[in-house]
Amino acid sequence: MDQTMRDKLSQLVEELTTSGEPQLNQDKMKEVKKICRVSDSYIDHFYHLIMTQLNQEHAEIRLSAFQMVNEVFSRSHHFRVLLITNFQEFLELTVETDAEQPLPPPKEVARKLRTLAIQTVQSWHATYGEAYKKLSLGYHFLKQIKKVDFQDVEARTLAERKRQEEKQKRLERIYKEKLDKAKQEMEEMTSGIEETLTEMNNCIRLLATDDFNLFDEDSAASISTTAEDQSDQPCCSKDLSNEHNGKMMEKKTDKEQTDESSDESDMEEVPDEDAFLRSTGLMSYRYQLELDVSADLKVRETEENEALVNTVRDLHRLVTTRHLPLVQSWVQVFTKVGVEEELMRRATELKKSLEHVLRKHEYLHIDYKDRERLVMRAPEDGEDDDDDFVDVPEKEGYEPHIPEHLRTEYGLDETPSTSTSGTKAKPSRPVVKCAVPPVSSSLSRLKRRMCDEEQDPTCAAATLRVLKQKLHPAPSTSVPDGSSESAVSSSDQSNMTKNKASFKAPVIPFGMDLYYWGEEQPTAGKIIKQTSQHQFWVPHEVEEEVENKELSAQMKSRCITYAGKFKPVEHKCKAPMPNGSLCERQDRVKCPFHGHIIPRDELGRPVNPEDALRLEREKRKREEEQPDWRDPELMREIEAATGEDLGSSKTYGKGKKGNKGKSKKKYPNLTDLKQKANTSRSRLEKKVFNKSSMRRVTEVMNKMDKRKHEKFANQFNYALN
């Protein structure tokens, strides 16, 4: 066997199986078949190459390899014998007969491979089943043991069909539960929906008096047709036609009159046109009038229809938010599942009725009033409790004057008589038992309850009231003189200026030497010496104070760091890079990649000869320390001979030629299995399981555990947790 043809066959098989194409390249496949015709040894080598590719964990490689098997299987008896000898392993790698060894990804290609393999095995059995016993056994194994349906277009296995049946049963069970729930809801809610429709229709009919049946489509159509018939006649002719029609009815009832009398009566009934025009003063029978009548009906909310409008608004909200979505869900479930016609008809009629009543509501164009909501706000410091509620506008029709016979009932004093005093007396203020604003009954009850809670010493309201009184003491009732007032005002003004100055002034930390500047420190360098360190037994001796000289020196001295003036770095590293450029880092002393920075020229060569000699010695030393087998040229030769990557292309550092360490893909045409799909789950995983995020979470959890252990370190109960 020629080694050149052997290598060429290996290269062709690798190129065909790693192309990633759904179909084989016929030109290269012809070369493979041409080499296999030479000798059986090439077929043996081809068989081993194919089985190696079928064991790869990539569905695209297996699909291309199986297509090559199908091409050679029908042309070589020797290849058929080799393949059928190891037919069980071949089925495991292509048909997925072993559940513990599923086909590798991508899933779509794996599904296509399994379908193609089952169809091909069926065609092989039909053609070569009688000649090859193991092929027939393999076919019956798939059909009877693995329950493969060869007539199925998708050629699904037993496990797939079971999964599909379970999924279908689960969907049927879910739909059945939804159907039962919809039927139960329909039985319970139908009466309520019909009552809501009746109430809303009645309210709309009361708001818009429909004397002309505007909401009835049949009546509206009949009215429009009669209007169109009469639109071509003048107004006076319409009256004449009505009068003429009435008299014609009278003529039909009178059947005993002769033809002459009927003609005379007809002549008498028809008025003279000229006489009619002269009597009415009209110039012509036909006149054209243009009237702009608004077709939109608009209902305004007033005091008279306020109750109706509120009811319509509540019912409209109930229909739009509750009833209509519920009925639509019923119709959707009934459509998917398929129910009896009567149930579907009832649901459809309910839906149409709800939509019709909503169209009526839109036709009315109701102008709702703005509703004011009474909101309680939190009282600020220094405010009275009476200001906790928002002011309510006066009600329409309210009269501030209260009659005399009702003043006692309202708790007001009687108005003095006008005979005793010449001036008009003002009504006295009402007697208020508790600080409750007369807003409404609910507000008064709320304020009364708050007052009761303040009187109860066990409530939090009483404690808050005491704290408010302490923070904001009541002003004294005595009237100060002018001098005290001026003193207080001057002190307040000085305090305000100090506060402003302290607010603007920066806060700088200082030591004890500045705190006791110009004074003698009382406890400078003195510490208390405890002779006994026992936990329970303490001696009777008095603890003595000892002066520490180091501490005294620290209290009297200060160390001030002089930072100096910042000088920016103007030089660059300029060390040669693997890609041919120069290092642009501007470190002050040392570059983290190229060591100490030395002066270099524009080409990156050292300016000083001493630096050049030192760099040459360091380079020679590194080469001597490196083993001989790490020589790049030797490694490249070994790689070319063995076909394995020994790392000759890898360089120390950031990579070369600007690739930043990214190696070239060996088979770029194949689908990258390591590349994750850009889904929401992958994006969330990338953010949540990021190293920095995990580190921050770990630090926070460690701090929490540390605080817990420090707090409960001496309690044996928490030591067990």
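Backbone N, Cα and C atoms are what each Cβ position is placed from, and that goes for glycine too.
The annotation Zn(2+) binding site is assigned in Swiss-Prot to Cys573, Cys583, Cys591, His594. Of all Cβ atoms in the shown protein chains, 17 besides its own fall within 10 Å of the Cβ of Cys591 (Zn(2+) binding site).
Summarising the annotation, Swiss-Prot assigns compositional bias 'Basic and acidic residues' to 240-258.
For 259-272, the entry in Swiss-Prot reads compositional bias 'Acidic residues'.
According to Swiss-Prot, the compositional bias 'Low complexity' annotation covers 478-494.
The annotation compositional bias 'Basic residues' is assigned in Swiss-Prot to 653-667.
The ubiquitin cross-link annotation in Swiss-Prot covers Lys395 and is backed by similarity to another entry.
Residues or ranges marked as region 'VHS-like' by Swiss-Prot: 6-149.
For 223-272 (among others), the entry in Swiss-Prot reads region 'Disordered'.
Annotation source Swiss-Prot lists region 'Disordered' at 409-433 (among others).
Look at Swiss-Prot and you will find 472-498 (among others) tagged as region 'Disordered'.
Counting residue by residue with DSSP, the region 'Disordered' (616-635) contains 17 helix, 0 strand, 3 coil. Summarising the annotation, Swiss-Prot assigns region 'Disordered' to 616-635 (among others).
What Swiss-Prot lists as region 'Disordered' is 641-721 (among others).
For 570-597, the entry in Swiss-Prot reads zinc finger, with the evidence type sequence analysis.
Cβ neighbours of Cys573 (Zn(2+) binding site) (same chain, under 8 Å, six or more residues apart in sequence): Leu582, Cys583, Glu584, Arg585, Gln586, Asp587, Cys591, Phe593, His594, Ile597. Taking the Cβ of His594 (Zn(2+) binding site) as centre and 10 Å as the limit, one finds 17 other Cβ atoms among all the protein chains shown. Mean per-residue pLDDT, taken over the region 'VHS-like' (6-149), amounts to 85. Using DSSP to sort the residues of the region 'VHS-like' (6-149) gives these counts of helix, strand and coil: 105 helix, 0 strand, 39 coil. Neighbour density for Cys583 (Zn(2+) binding site): within 10 A of its CB lie 18 other CB atoms from the protein chains shown.
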